[in-house]
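Participant: Before anything else, here's the structure in question.
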């Protein structure tokens with residue numbers, strides 16, 4: 001197994017909250033949380049769906065952006081095991097991702113897609129059982145407003161909250177019912193042992209609290 005495969009396998013046992021807890025300890029801003037992105041498929045904010053994989057980034061830009069349109073369709077080059085991360089300019093009313101994209105992504109082995117913008121064909125996505133995390137839904141395609149300028153480049157989170165977050169190609173994306181987190185690839189080996197330690201402490205705390213111990217006492221005893 002590659003180093004990347006080993007990291008993905010290790011992350012499978014942790015929630016997005018576990019990842020954020022570890023990143024906060026490493027002083028990574030917002031614990032890697034990407035605000036405003038929630039689960040839409042296979043269900044709307046319910047169930048045990050979780051995706052973990054390296055980011056394959058796609059950057060949409062306005063048509064008047066001086067950069068040329070990407071020469072090939074990004075969906076045909078999706079790496080197996082990746083999470084597709086599609087970035088669209090903030091407040092774009094058109095969808096930038098649809099059902100046929102997921103059909104092709106699933107065939108190539110992608111584990112899910114995160115759309116920083118709108119997507120469409122919601123029922124089709126659910127019928128595929130394909131995981132989608134996104135900002136919102138829409139109906140119109142993007143071509144009248146946007147074009148894909150680049151693939152596998154750093155992209156900025158398009159949020160109106162007080163966040164300045166960048167998603168780099170190969171960063172680990174973890175998404176579940178709690179939200180979407182980016183784990184920078186260079187921090188993964190430091191973060192994983194912290195997750196294990198935190199989960200062990202929290203498990204002991206839960207047992208102690210259920211047994212009548214106060215939260216503050218349990219926190220002092222098991223978290224130190």
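Every residue, even glycine, has its Cβ placed from backbone N, Cα and C.
Whatever TrEMBL says is automated annotation, not expert-curated.
Sharing the record's features from TrEMBL:
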type	residues	note
BINDING	98, 99, 100, 101, 120	substrate binding site
BINDING	121	Mg(2+) binding site
Participant: Measure from the Cβ of the residue listed as 'Mg(2+) binding site' and count the other Cβ atoms within 10 Å, all protein chains considered.
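Facilitator: Cβ-Cβ neighbours of the residue listed as 'Mg(2+) binding site' within 10 Å number 21.
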Participant: Residues other than 98, 99, 100, 101, 120 within 8 Å, Cβ to Cβ centroid, of the substrate site?
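Facilitator: Same chain, not in 98, 99, 100, 101, 120, Cβ within 8 Å: 95, 97, 102, 103, 119, 121, 124, 125.
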Participant: Quick one: largest C-alpha distance among 98, 99, 100, 101, 120, binding substrate per the record, in angstrom?
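Facilitator: Maximum Cα-Cα distance: 10 Å.
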Participant: Calculate the distance in Å between the alpha carbons (Cα) of residue 101 (substrate binding site) and the residue listed as 'Mg(2+) binding site', and round it to a whole number.
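Facilitator: Counting only the Cα atoms, the answer is 10 Å.
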Participant: If you skip the near sequence neighbours and keep only those at least six away, which residues in the chain come within under 8 angstroms of residue 100 (substrate binding site), Cβ to Cβ?
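Facilitator: 121 - these are the non-local Cβ neighbours of residue 100 (substrate binding site), listed in sequence order.
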Participant: Relative to the Cβ of residue 98 (substrate binding site), which residues of the same chain, six or more apart in sequence, are found under 8 Å away?
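Facilitator: Spatial neighbours, sequence-distant, of residue 98 (substrate binding site): 119, 120, 121, 124, 141.
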Participant: Counting only residues 6+ away in sequence within the same chain, which have a CB under 8 Å from the CB of residue 99 (substrate binding site)?
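Facilitator: Non-local contacts for residue 99 (substrate binding site): 120, 121, 124, 125, 128.
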Participant: Return the count of C-beta atoms lying within 10 angstroms of the C-beta of residue 101 (substrate binding site), excluding that atom itself.
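Facilitator: There are 26 of them.
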